[in-house]
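Below you'll find the structure I mean.
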Amino acid sequence: MCGILGVVAKTPVNQLLYDGLLVLQHRGQDAAGIVTAEASGVMHMHKGSGLVRDVFRTRNMRSLMGNVGIAHVRYPTAGSASNLAEAQPFYVNSPFGIVLAHNGNLTNHQQLKDDMYRSNMRHINTSSDSEALLNVFAYELQKRVKSFELSPDTVFEAVAAVHKRVRGAYAVVAVIAGYGLVAFRDPYGIRPLVMGVHPTPAGDEYLLASESVALDTMGFKLERDVEPGEAVFITMDGQRYSRQCADAPRLVPCIFEHVYFARPDSVMDGISVYEARLNMGDNLADKIRRVSPELDIDVVIPIPDTSRASALQLANRLGLPYREGFIKNRYIGRTFIMPGQSTRKKSVRQKLNPIGVEFKGKNVMLVDDSIVRGTTSKEIVLMAREAGAQKVYFASAAPAVRFPHVYGIDMPTRAELIATGRDEAQIAEEIGADAVFYQDLAALEQAVADASGGRITTFETSCFSGEYVTGDIDEAYLDQIESRRASPLSRDSDGGSRLLDLNIGVAEQNLI
Ligand SMILES: O=P(O)(O)OC[C@H]1O[C@H](OP(=O)(O)OP(=O)(O)O)[C@H](O)[C@@H]1O
Ligand SMILES: NC(=O)CC[C@H](N)C(=O)O
Ligand SMILES: [Mg+2]
């Protein structure tokens, strides 16, 4: 998952975008970038590999001038990890000059890349699907612009054309130099995008973000979500226009945002992530009581951070004590979104350390939000036993992850998933637990639907169900992404910093 921001303000936006990226850091730790735009049309970019605080220095911030801008934190799903050439935003110089930041993953990006080259004579220089997306948008806009007068209608027609050509998940913010900010969301609204307003004496300012937490902390009031298929165009001087650009939009948001990705203090599509997680805890408790009414649990312990809300509620519902048995090193990032299995494995032990007294001689119920590769659960169960636990049960607030995720979460091969080819008893054995309990999919959907007040009942659940909402994913597609990933030339080895871009600042540590 990535985090995106787009802003049209009345004063310089460099600090606001930097601060906003810091609150979206949990959505991507691989690279970060900001582009600001001046009314004259001049744009400034700085991006680099690593965490937000490592990419931007004071001197870089000073060069980011302008009252309009976009920003991105990357967690790669296409192309390769730690490849500076794929850090976002991307830039293309025609028409007008456009920069774009994308959260999601396009399922037809190879096709798009070919079409761009063969039919539209546009060169895509990286393996990033987002660069392809930018070029599709630029091409469709160029086809429609007649002069230097760019009307909202033309922008919306270009977005409508993008919806027709592009498949998969995309929440997008872009700046058209000298004209304004464009934001749009795919016709299923798989990835989130919220819009906030900040009134000033000089007029309203607008901030679009992946999560509402960025609006809260920047002093913007959450106004609404960008609708699935909708595009919003805000001119440099703050005139706002919006239009539905998809033929058959239908909100089917990604349920994994609520399970793991988003911060609990965010509200997306009107759903409080925190409330959804509390409901998951309730439903998981009911399942445990139903399938193992005699289970002898002394204490419920969360695997920090993400499972805390669900674990707390599960303990309440079962009438059991809840204890913080693992202390998290706050300086280690999220392990699931780190590239490379060996880094992830090492990080679990660096990140979490048990408090002996909570384990010694006890039967513990460990609760996590999800078990994906099993990296965390295997280490944690072992740590609980080493700390003296008698029995170790493990509960997951999400169902077993059995299918690749193709819409912006990096879990593409079935071979990597611990649940592949194993039932619950075998998974328990694999992670060394006495028993494993998974949430049922219907109960997970119910938990999130309840948090929406019953307004939203369908979710993108493919990694649990194998049903892909965009309708273009079949066995052959999954086999193809799996074989590409398994090949020695894929991902990290794609390497090389083929950086062709706006005259930008690049974090210096990457210029070796
Ligand atoms: O089965 P796995 O492949 O290990 O993946 C699942 C684990 O990874 C995530 O934690 P992460 O450390 O990324 O973030 P958190 O601190 O927000 O829980 C998630 O919360 C699970 O704990
Ligand atoms: N996680 C995401 O949203 C990734 C965006 C884009 N597919 C990339 O790999 O850069
Ligand atoms: Mg975790």
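The backbone N, Cα and C atoms fix where each Cβ goes, glycine too.
Taken from TrEMBL, the feature active site, nucleophile covers Cys2. Positions annotated as Mg(2+) binding site by TrEMBL: Thr306, Asp368, Asp369. According to TrEMBL, the feature domain 'Glutamine amidotransferase type-2' maps to 2-237.
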So among the binding-site residues Asp368, Asp369, who's got the most Cβ atoms within 10 Å?
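Answer by Cβ density within 10 Å: Asp369.
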Measure from the CA atom of Cys2 (active site, nucleophile) to the CA atom of Asp369 (Mg(2+) binding site) and give the result in Å, rounded to a whole number.
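Cα-Cα distance, Asp369 (Mg(2+) binding site) to Cys2 (active site, nucleophile): 19 Å.
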List the residues of the same chain that sit at least 6 positions away from Thr306 (Mg(2+) binding site) in sequence and have their Cβ under 8 Å from its Cβ, in sequence order, or write 'none'.
Tyr260, Asp368, Asp369
So which other residues, same chain and not among Thr306, Asp368, Asp369, have a Cβ within 8 Å of the centroid of the Cβ atoms at the Mg(2+) site?
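Close Cβ neighbours, site residues excluded: Val259, Tyr260, Pro302, Ile303, Asp305, Ser307, Ser310, Val367, Ser370, Ser396, Ala397, Ala398.
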Just to confirm: which same-chain residues, 6+ apart in sequence, have a Cβ under 8 Å from the Cβ of the residue listed as 'active site, nucleophile'?
Arg27, Gly28, His72, Val73, Arg74, Tyr75, Gln88, Ala101, His102, Asn103, Gly104, Ser210, Gly408
With respect to ligand 2, which members of the recorded positions Cys2, Thr306, Asp368, Asp369 satisfy a Cβ distance under 6 angstroms to one of its atoms?
Cys2
